[in-house]
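Novice: Got a structure for you, written out below as structure tokens; questions coming shortly.
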């Protein structure tokens, strides 16, 4: 089986593939201070809970937007699985034609999402990834990646409101019962949630005015919540990044 690892700023998502089937997946917090052995023991506990053994891991691929976490995960793969991992970056075959000023600046997560998006949905595509930052990427019908948009994630907005406004409480992100809030918490929830929904629809519509019609895919931890009221999202694919990692792994075995 193949272990795929997606390292984000807030969470690390791991998936285990048997062929092209995702048979297990886990989410843990990203911790820049963890050592190789600490990550190894954490992964072992996840494996034990799912009745998976280290010996079943035949290959590992990882993408990361947090450089300090790459080394301990590489070492973990070699020490505990006896496998040298593929790290998504320059020199790794993706099959994607990148049309931006500096291709090396494009985040590994955005490349991985684009690979999976084209394989599953064909182009043209707009992929919206709701993470610590929210990213919007455009890929045309010829598999050319043209760049996109990076904006602060919704949870950054929630936290900033609490930290910078003295009388406002920290809130849980939730869909309020009405747009017009009847109390402070509802008003804050409405502002963050519906404000973000409006941002998504506004940005996607502006992108479409520039490039024409495109299928819009949402992924990331908050994709389902936002898509409940976002009018421009066509599909929610929670495991798009994991699928992209699997595809890139396979392309680099040939």
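Glycine residues also receive a Cβ, built from the backbone N, Cα and C atoms like all the rest.
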Novice: Among 94, 132, 134, which residue shares the ATP site with 6, 7, 8, 9, 10, 11, 12, 13 according to Swiss-Prot?
Specialist: 132
Novice: Using the alpha carbons only, what distance in Å do you get between residue 107 (substrate binding site) and residue 8 (ATP binding site) once rounded?
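Specialist: Counting only the Cα atoms, the answer is 11 Å.
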Novice: Other than 6, 7, 8, 9, 10, 11, 12, 13, 132, which residues of the same chain sit close to ATP? List them in sequence order, counting a residue when its Cβ is within 8 Å of the Cβ centroid of the site.
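Specialist: The answer, listed by sequence position, is 30, 65, 66, 131.
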Novice: How many whole Å apart are the CA atoms of residue 109 (active site, proton acceptor) and residue 6 (ATP binding site)?
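Specialist: Their Cα atoms are separated by 8 Å.
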